[in-house]
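See structure below.
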Amino acid sequence: LCRILDFRRVPPTVGRFINVTKEILEVTKNEILQSVFFVSPASNICFFAKCPYMCKTEYAVCGNPHLLEGSLSAFLPSLNLAPRLSIPNPWIRSYSFDGKEEWEVNPLYCNTVREIYPYSNSNRLLNIIDMAIFDFLIGNMDRHHYEMFTKFGDDGFLLHLDNARGFGRHSHDEISILAPLSQCCIIKRTTLLRLQLLAEPEYRLSDVMRESLLQDLLAPVLTEPHLLALDRRLQLILGAVGKCIDTYGEAKVVTNDTMQPEAPASARVKLAT
């Protein structure tokens, strides 16, 4: 999908069957990785993640009993060769049941983000909006961080490394994922043109995605409802852009890839309401 959108920020990825015992547990020397493996009551080999956000045995992944369908991504250079930073997403979720982040309650939150370097004078904010569009299409609500190679400076591209929460509920469109777009009301011209192309009948996103996935070893990978959800969500994205254009005008919303037009705060209040 990232390639179809012409973002190209997800490392090349392919699906295949993995023997979690022979290919992971029996070869790793990492004690932390070894510690997260266990045998389920059904005698399947399972493991869970170690992370700061809700990683528990209840959310384990299990083989059947050893084989598991999974995806493998191209291995990035070591941090010694290609240092990279993990940066909190300005639209990070609260990950708690009793509180909300500022962006969830403040429709003018983007004004605050625009005042913070590097979102104030680089194309970083436009890249964040690209990332939000990608995440909305796959239904990924878990983009708490993004990564960047340090070599390319503040205007480098964002790496979309953690996409494991994508393609969950095909029947639900989580509009809050689009908050960067709906609150900031800017989008790259190249991104908008690609989205408009993928909404045309002869280049329909679901059809292009279906054809692309036929090359995968685990084809078809996505169910038909998931593919059709891509078309539905694409229309919602274009609708959000259209609402921004109606409010601010195209010149304020659609920008070259390295420019950030700024809409008046009063207009943002009108849009939010």
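Backbone N, Cα and C atoms are what each Cβ position is placed from, and that goes for glycine too.
Pulled from TrEMBL:
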type     : residues                                   : note
DOMAIN   : 37-254                                     : domain 'FAM20 C-terminal'
BINDING  : Ser73, Ala74, Phe75, Leu76, Glu147, Asp162 : ATP binding site
ACT_SITE : Asp142                                     : active site
BINDING  : Asp162                                     : Mn(2+) binding site
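Note: the Cα of Ser73 (ATP binding site) and the Cα of Asp142 (active site) are spaced 19 Å from each other. Set side by side, the binding-site residues Ala74, Leu76 differ in how many other CB atoms lie within 10 angstroms of their CB, and the most is found at Leu76. Note: the ATP site is recorded as Ser73, Ala74, Phe75, Leu76, Glu147, Asp162; in the same chain, Pro11, Leu159, Leu161 also have Cβ atoms within 8 Å of that site's Cβ centroid.
According to its DSSP assignment, Asp162 (ATP binding site) is coil. A Cα-Cα distance of 22 Å separates Phe75 (ATP binding site) from Asp142 (active site). Most buried of the recorded positions Asp142, Glu147, Asp162, judged by other Cβ atoms within 10 Å, is Asp142.
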